[in-house]
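Below is one structure; the comments refer to it alone.
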């Protein structure tokens, strides 16, 4: 082979090898692109809302004859569908309640800028829980806190923080309100915010941070709502609202709301005589509320809401150990499921109860005359048997020497069941504690447990003598 032939042969072999290497690199590139765009793709309906993807870095070391290729690609997790909550899981079986959260707002107010509040409550989105309260437009160590015992002023706003975070100066003011309710439908928050003159108030419906609808007072006598969470099932949220006398017959309606828009209004029906400040919970496929009768009964009204056909039924908790304050001594109190018991019915306090088969779990003040102490227990047959009084699993939440206040329920969806939780408002200041001029609160929160538990007392704990006047 002459020199020219050798050169041509070597050149041909080199060109062939180079071509093979080039084709291999193209194959590697095609494989990488295919993995990125096809291996991890997810099909989802076009009309479903999706959550932002979280990036994950995957490294692949591919060794070939000629090159070592270190390829880094960024992969998107398949989009997580955001769906309406349907609350179809069963209720958790519990033995009692365990401590969950306490915000210590009053104690912290002795040395920090903490809002003056009342009417607190708790509600959760699918990921975490939040505490709400109606602020008085002032911090505690501020002369504007004088005379904040009054319920309805134009300065009151709905405050919202992550559960356990006191209402500090950086707290978000969600809306203007002296009465409110909030709930999350699985996609966004709904806030119902009532404000204005007593004789012509307005309820604003704020969904996903935007005002969507409103309704004016229909009886011109302090339009008001739950002061605890509303409930949304398959995109329809229900809220109970009352307008009218606090000590005689009033006009109660249930509003059905979809993404902030009122789609239906149903009047109260059934045997309940007076309904205010309902504590509501999902009872699939409907919503159940236990409320306050401020006119005739110290037994609590029950309102059952059918989300599908907008029908309403009402009655009273059957337990003869009644839940309102003031009330008769347990030896003399009564309830027969259908009607108010006409026992110290005038006045009352927001509270809660929930059914557990034929039984009922409930919370109430320990004192039968004042908002002092707090206890929970289960009444066997208390949901279905008239005047049932067999009490078990009693727990003291706040001892009888300390003040309590409003209380209410909220629900938390777990992997296999829906847990019931409650909060207790711990009121401090006026009227009882006249050394100071303000009225405010902290909260303590418990949740249902299937485990064992101990004993204790969880009062507000602030020394009034150390507090700003």
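One-based numbering along the chain as shown.
Every residue gets a Cβ built from N, Cα and C, even glycine.
Owing to the predicted nature of the structure, the values given are computational and were not obtained by experimental measurement.
The feature topological domain 'Intravirion' is assigned by Swiss-Prot to 1-9.
The feature transmembrane segment is assigned by Swiss-Prot to 10-30, with sequence analysis given as support.
Feature annotation from Swiss-Prot assigns topological domain 'Virion surface' to 31-469.
What Swiss-Prot records for 36-88 is region 'Hypervariable stalk region', and it gives sequence analysis as the kind of evidence.
According to Swiss-Prot, the disulfide bond annotation covers 92-417 (among others). Within 10 Å of the C-beta of residue 92 (disulfide bond) we count 19 further C-beta atoms, all protein chains included.
The disulfide bond annotation in Swiss-Prot covers 124-129 (among others). A strand conformation is recorded for residue 129 (disulfide bond) in the three-state DSSP classification. Cβ neighbours within 10 Å of residue 129 (disulfide bond), excluding its own Cβ and spanning all shown chains: 18.
Swiss-Prot lists 183-230 (among others) with the feature disulfide bond. All chains included, 26 other C-beta atoms sit within 10 angstroms of the C-beta of residue 183 (disulfide bond).
Look at residue 232 (disulfide bond): DSSP puts it in a strand. The disulfide bond feature in Swiss-Prot is assigned to 232-237 (among others).
What Swiss-Prot lists as disulfide bond is 278-291 (among others). In the three-state DSSP assignment, the secondary structure recorded for residue 291 (disulfide bond) is strand. Listed in sequence order, 240, 272, 275, 276, 277, 278, 279, 300, 301, 302, 303 are the same-chain residues at least 6 apart in sequence whose CB falls under 8 Å from the CB of residue 291 (disulfide bond).
What Swiss-Prot lists as disulfide bond is 280-289 (among others), and the listing cites sequence analysis. When other Cβ atoms within 10 Å of the Cβ of residue 280 (disulfide bond) are tallied across all protein chains shown, the result is 29.
The annotation disulfide bond is assigned in Swiss-Prot to 318-337 (among others). Neighbour count (other Cβ atoms within 10 Å of the Cβ, all protein chains): 23 for residue 318 (disulfide bond).
In this view, residue 406 (active site, nucleophile) is surrounded by 25 other Cβ atoms within 10 Å of its Cβ, with every protein chain counted. According to Swiss-Prot, the feature active site, nucleophile maps to 406, an assignment based on sequence analysis.
For residue 447 (disulfide bond), other Cβ atoms within 10 Å of its Cβ number 19. Among the features that Swiss-Prot reports, disulfide bond is placed at 421-447 (among others), with the record citing sequence analysis.
For residue 406 (active site, nucleophile), the spatially nearest entry among the disulfide-bonded residues 124, 232, 237, 337 is 124, judged by CA separation.
Nearest in space to residue 417 (disulfide bond), taking C-alpha to C-alpha distance over the disulfide-bonded residues 129, 318, 447, is 447.
Under DSSP, residue 237 (disulfide bond) is assigned to a strand (E or B) in the three-state scheme.
All protein chains considered, the CB of residue 417 (disulfide bond) has 15 other CB atoms within 10 Å. DSSP assigns residue 337 (disulfide bond) to coil in the three-state reduction, outside any helix or strand.
A gap of 6 Å separates the Cα atoms of residue 230 (disulfide bond) and residue 280 (disulfide bond). Across the disulfide-bonded residues listed here (230, 237, 278, 289, 337), the residue whose Cβ sits among the most other Cβ atoms within 10 Å is 278. Mean model confidence for the topological domain 'Virion surface' (31-469) is a pLDDT of 91.
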